[in-house]
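J.: Pasting a structure below so you can have a look.
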Ligand SMILES: Nc1ncnc2c1ncn2[C@@H]1O[C@H](COP(=O)(O)OP(=O)(O)OP(=O)(O)O)[C@@H](O)[C@H]1O
């Protein structure tokens, strides 16, 4: 009951306080010698009413919650200031205000004020919530993106101040030239030479201004592009599993280009036209306040349409960008797998896939074009309506002798310039919104926090390279329900070669990914020299652990640059020593330009086996403490493989070597063998111990031997 009465009691209290305040102000106004300025009392009274209502709302315990928030402040402001604003508005239009100035605190005035407040509250509650929920989140996002964009401009605030200075000077000068020209035209005294002289001075200012502006904007563009690139590189490996290359490339190139194009070209024009609008407005005010006021009143009508179309464009621009990224993705994938495409003669299939993506973009572009045409048409129609109503209203003012016919003609000429400048502003506004839309997508990457634990701080001088996996369970982020490793415990000892074998898909490479800290296990611990792997510095870890993967990727650079990748300061002697260890030196020297031969994109200009040997040399030049060879010799012939392993055995005596292979030749001589099956350690020991168990390993050895015999049999048969 008490709660039910709280709100009516609050309303009663608020009304009592308000009525007392109004009566108090009324009494002051009626005392003859007090203040006789027309505006001071209405404004002071309005502010007092606002403050009192706010005071009651925030201090009375039963006031509704909304009255203590932003909505309450708005209500108090409307309630208190509706009269002073209305009185000032009438005064600006040269309308009689005496009655209102003396009558606003009467009973009738008070009731009118409450009616306006109730009506505005009703409209606010009725319409705004339907507009807000969808728009609110987007609006805050847009605002945040805009603030971010402005943040990138901040370091160049000096340059922007210079640009602003030139814009003001040039626009002011231009406006003056134009006013002189209009007057001369009206007086039939047009002097083209003076007009040319007048304008040429400002053209210099314009040139300097555009130069500074464009140089600064391209600087900002490159820095944003660099930032996005850097942010992408910092992401976790799971991010790259999820995002396609085309999408990433598209954000770095297309999206930043769209954004900077809109910002540099269109924003600069907006600036110029905005200044023009300001100066023209000044000239119009000097001619007739009433007509200017009337013109400004009509502006929201021509503002609303571009505002809505701008929001529409922003959404559309995001969709266009996404669809372009898809098309990019198809193109990147096709070109990077050109040999596979050609060997399956699937050029037409890929073309069709690309065409479909482009068609989606085209469909969106069509909507964009239609929206653009519609908004341009509505813009010009609404500004035409404004011009016609000004002429009509101006005509009435001339009839009533409020404005002279000469002033009306000049005003109309100014107004024509003014509305066309406003029209240009409106037509470029969607482009700026488009830039904000594009920037939102860019900032999604910049803001993405990589899902990796913070970098550790350990970087000890010496590292033994003793690795322990303790009860590791792991599922890939993309397939969180499938455990790839289940309670795996294993040990890699320094100075030993540990071989990891098992059927395809049993989780061997996953163990390497965890060792490289690409992913984090869901449970269990990985220790390096008895210390959790997470405590080591990322760079240190990758210097100490070298991995040669199943499909090593070479860069489209020389063989030399590929071997020295990640250790650019290595000497040529170190490079050739690493190449000799990898049994690569001989074939490299036989290449057309030796170590300077280009390896081609993804190593496409060398054979599979050569690629693997270059990759092994690249790993060895780092002088790693832990070397992982993940099926790294699968493309080598048995002789070359044997040579590589013997060299490694001789040279890497203290190193921890993890060997993942499907070939028996590499496994037999390993110090320790771990057999992995369906994500679990099934057996471990050395070759002899495991054979004695007659288990999975023996089966693996038998399979290998059978396949060797089958192969030799095939060869013998074919030679017969
Ligand atoms: N990035 C990934 N996202 C989701 N699942 C993955 C990912 N990489 C591998 N897998 C899955 O994890 C399982 C183990 O893969 P892994 O590459 O470790 O096997 P492997 O033993 O090295 O196989 P192979 O001998 O064929 O190289 C497989 O079922 C594979 O499909």
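Quick reminder: no glycine exception, Cβ is built from N, Cα and C everywhere.
Predicted automatically and left uncurated, TrEMBL annotations should be read as such.
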J.: Which is it, of 156-173, 174-191, that TrEMBL names as transmembrane segment?
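T.: My reading of TrEMBL: the transmembrane segment range is 156-173.
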J.: Is it true that the transmembrane segment (6-28) and the transmembrane segment (156-173) have 3 or more Cβ pairs under 8 Å, skipping pairs fewer than 6 apart in sequence?
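T.: Counting Cβ pairs under 8 Å (6 or more apart in sequence), the transmembrane segment (6-28) does not reach the transmembrane segment (156-173), since there are fewer than 3.
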J.: Could you please provide the mean pLDDT value for the domain 'ABC transporter' (467-703)?
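T.: Average per-residue pLDDT within the domain 'ABC transporter' (467-703): 86.
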J.: Under 8 Å between C-beta atoms and at least six residues away from its ends: which parts of the chain pack against the transmembrane segment (156-173)?
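T.: For the transmembrane segment (156-173), the nonlocal Cβ contacts are 198, 201-202, 205-206, 208-209, 212-213, 216, 219-220, 271-272, 275-276, 278-279.
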J.: For the transmembrane segment (72-93), find every same-chain residue at least 6 residues outside the stretch whose CB is under 8 Å from a CB in it, and list them.
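T.: Distant contacts of the transmembrane segment (72-93): 18, 38-39, 42-43, 45-51, 53-54, 57, 63, 66, 100-101, 104, 109, 113, 116-117, 120-121, 124, 289-290, 293.
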